[in-house]
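Step one of this worksheet: look at the structure below.
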């Protein structure tokens, strides 16, 4: 692909192309109106766009199936050996940047796939927010996994398998619940077995991404494009809440079972820093979706509205039913009422001719 890209690029414009294709893109709405713009795309430009999309997808695959396990392994070795060499630190930084770049490309791909009808332009502020969001999220996630695996090696495999297979089977469970027919239009040359293999590989990559960070591209196997193009704030909120709880639990287990290799490390401060780092990732994510998203004008609801509705739902779930509250109030009022009744009966008896008993009862 690289050789073909350079060949097409340097030959572009020298020979007149026999035909061009016309694409129609809508601009972002301004004052409630959006104009449709036609653009001529030549064969060379179309091929370059195809190769660029392929490079973007390859960077995502390389990041989460190559660099992410490599970074985790290198950090694990450094923790056990209590030594970070210069060469290893360089490779760890490169692996982290590779993962962050793959996650950033995943976000951009998700935006362009969901809003394919619009001419999307991503501003530098959006790139900066995504970079900070993914950097904090991936760095804290890898560190938490390494710390936990360094003290509880036996339980590392169950934690990884539960996470991986949970995300691997989640799109299939949604597909089976929808009772939709098996997708046949992925590739005409593929048989049913080949289509199943392709979908399994796609869900494998999806699970690998969600092991380390939120996958901006959500699979929907019953959709012709295999992508869920709706913005689901509830799924995003549930993911980050559960991931924060999981990270906190893994850090608690590390703190309880930490060995002598962490003797010179302030464990409570490290736990606090990692939790704050994950909260910083969530903060940059909210800033991106609220202010820097290139298609925020197309959202049916903003992030603030989605979070507010989530909080209302959680308050409604946690709130006890009214019948229980009324019964509790009745139980609280009944002893007071009986005491008042008794005191009133004693007062009546004292007024009827027993003043000494009234005085003693009042005393």
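Glycine too: its Cβ is placed from the backbone N, Cα and C atoms.
Note that the structure is a prediction, hence the values are computed from the model and not measured.
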Candidate ranges 132-153, 154-175, 308-329 [criterion: TrEMBL lists as transmembrane segment]: 154-175
Range among 86-104, 105-123, 333-351 that TrEMBL annotates as transmembrane segment: 86-104
Listed stretch, out of 154-175, 196-217, 237-257, 269-291, that has the most CB pairs under 8 angstroms to the transmembrane segment (86-104): 196-217
Spatial neighbours of the transmembrane segment (269-291) far in sequence, C-beta under 8 Å, 6+ residues away: 125-126, 129-130, 132-137, 139-141, 143-144, 214, 240, 243-244, 247-248, 251-252, 255, 302-304, 307
